[in-house]
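Written out below as structure tokens is the structure these notes cover.
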Amino acid sequence: MIGSVLQKVVAGQILDIDEAMEAMSAIMTGEATPAQIAALVTALRMRGERETEIAGFVKGLRAHMIPVELQLAQPVIDVVGTGGDGNRTFNISTATAFVVAGAGVPVAKHGNRAMSSRAGSADVLEALGVRIDLNPSAVARCVEEAGIGFMFAQRFHPALRHAAPVRRELGFRTVFNVLGPLANPARVRYQLLGVAMPELVETVARVLALLDVEHALVVHSADGLDEISLGAPTTVYEVRRNGTVEVRRWTLEPESLGLERVPSDALRGGTAEENARIVRAVLEGARGPARDVVLLNAAAALVAADAAQSLAEGLELARHAIDSGAALDRLERLKVLSNALAEAEVPS
């Protein structure tokens, strides 16, 4: 199967969803050789990945992931970025996740170790005292009881090990860089998703439209962040399902919400421990650019989760989540519960 897919891609043809799904299954089961994997992702990168291809790869990846089953009736959201923007900001999406949870929206955060910064979400959560090595049942309990849970990508996508050596050796961005945020093990249907590669922002939005998303905001800022930025306008592709799926493009300016524009250098992070201190300071109410960028991203996430009707309303909900102590409380709850569950070794 992988051989026929390769022939088609090399000939310049576009894979449909089923073909891409079968190709990913061949990779996930170890059927595809390293040479075939490298040839496929390189050819796709040179030609440019299409939405049907990425959607099929996501479906193939989901079929081999370890799922997290949530027993919640309300919307559950993920706040995540592709990484790889090279700006080395602190972990904005991680801080944002606690604010969103503090505003009453459950968060099932999917993440990994460092990519574009010196510390990924997994590294920073560890530095904050959260256990990241939880099994599916334990993660579900965290989301349901603490309002937020974390799924460590390496644990929930073990089949990706077949592609890992190729990714390391190639050393350039491939389709795998965008798959993780699209393959949340809890199958969330609401997302704030940052994309580092400007050429893929609209494509990723249209991938979500082909999948089972209900409401998502896909973002990329003009200063290169895979977040909503304080330093430049942010392009937003909004995907909403209401009978039919609509994809709408708009631009977000921080000034429109009364936030001061500051360069992304003001959001620079450091080690996992340094970033953890920044995240905790934001949750404790410290003022400044770090707080403002988290408020801005949390406002967008609350809109994506249908918890706010506008960014202005989302901003007020986010402010209240921090200033009331609710966001910090979610961190403390997750810290206590994740450690207790890890020690108890809740069965999968």
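Here the Cβ of each residue, glycine as well, is placed from N, Cα and C on the backbone.
Lifted from Swiss-Prot, the feature list:
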| type | residues | note |
| --- | --- | --- |
| BINDING | Gly81, 84-85, Thr89, 91-94, 109-117, Ser121 | 5-phospho-alpha-D-ribose 1-diphosphate binding site |
| BINDING | Gly81, Asn112 | anthranilate 1 binding site |
| BINDING | Ser93, Glu227 | Mg(2+) 1 binding site |
| BINDING | Arg167 | anthranilate 2 binding site |
| BINDING | Asp226, Glu227 | Mg(2+) 2 binding site |
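Across the structure, Glu227 (Mg(2+) 1 binding site) and Gly81 (5-phospho-alpha-D-ribose 1-diphosphate binding site) place their CA atoms 7 angstrom apart. Secondary structure at Asn112 (anthranilate 1 binding site), taken from DSSP and collapsed to helix, strand or coil, is coil.
Cβ crowding, taken as the number of other Cβ atoms within 10 Å, peaks at His110 among the binding-site residues His110, Arg113, Arg167. Distances between the Cα of Gly81 (5-phospho-alpha-D-ribose 1-diphosphate binding site) and those of the binding-site residues Asn112, Arg167, Asp226 are shortest for Asp226. Around the Cβ of Gly81 (5-phospho-alpha-D-ribose 1-diphosphate binding site), a 10 Å sphere holds 27 further Cβ atoms from the protein chains shown. For Asn112 (anthranilate 1 binding site), the number of other Cβ atoms no farther than 10 Å from its own Cβ, over all displayed protein chains, is 18.
If you take the Cα of Arg167 (anthranilate 2 binding site) and the Cα of Ser93 (5-phospho-alpha-D-ribose 1-diphosphate binding site), they are about 24 angstrom apart, rounded to a whole number. Taken residue by residue with DSSP, Thr89 (5-phospho-alpha-D-ribose 1-diphosphate binding site) is part of a strand.
Secondary structure at Glu227 (Mg(2+) 1 binding site), taken from DSSP and collapsed to helix, strand or coil, is coil.
Under the three-state DSSP scheme, Arg167 (anthranilate 2 binding site) falls in the helix class. If you measure from the Cα atom of Thr89 (5-phospho-alpha-D-ribose 1-diphosphate binding site) to that of Asn112 (anthranilate 1 binding site), you get 16 Å. Proximity of Ser93 (5-phospho-alpha-D-ribose 1-diphosphate binding site) to non-local residues of its own chain (separation of 6 or more, Cβ distance below 8 Å) is seen for Val79, Val80, Gly81, Lys109, Gly111, Ser121, Leu192, Gly194, Glu227, Asn297, given in sequence order.
Across the fold, the C-alpha of Arg113 (5-phospho-alpha-D-ribose 1-diphosphate binding site) and the C-alpha of Asp226 (Mg(2+) 2 binding site) stand 16 Å from each other. The two recorded residues, Asn112 (anthranilate 1 binding site) and Asp226 (Mg(2+) 2 binding site), show a Cα separation of 15 Å. On a Cα basis, His110 (5-phospho-alpha-D-ribose 1-diphosphate binding site) lies 15 Å away from Asp226 (Mg(2+) 2 binding site).
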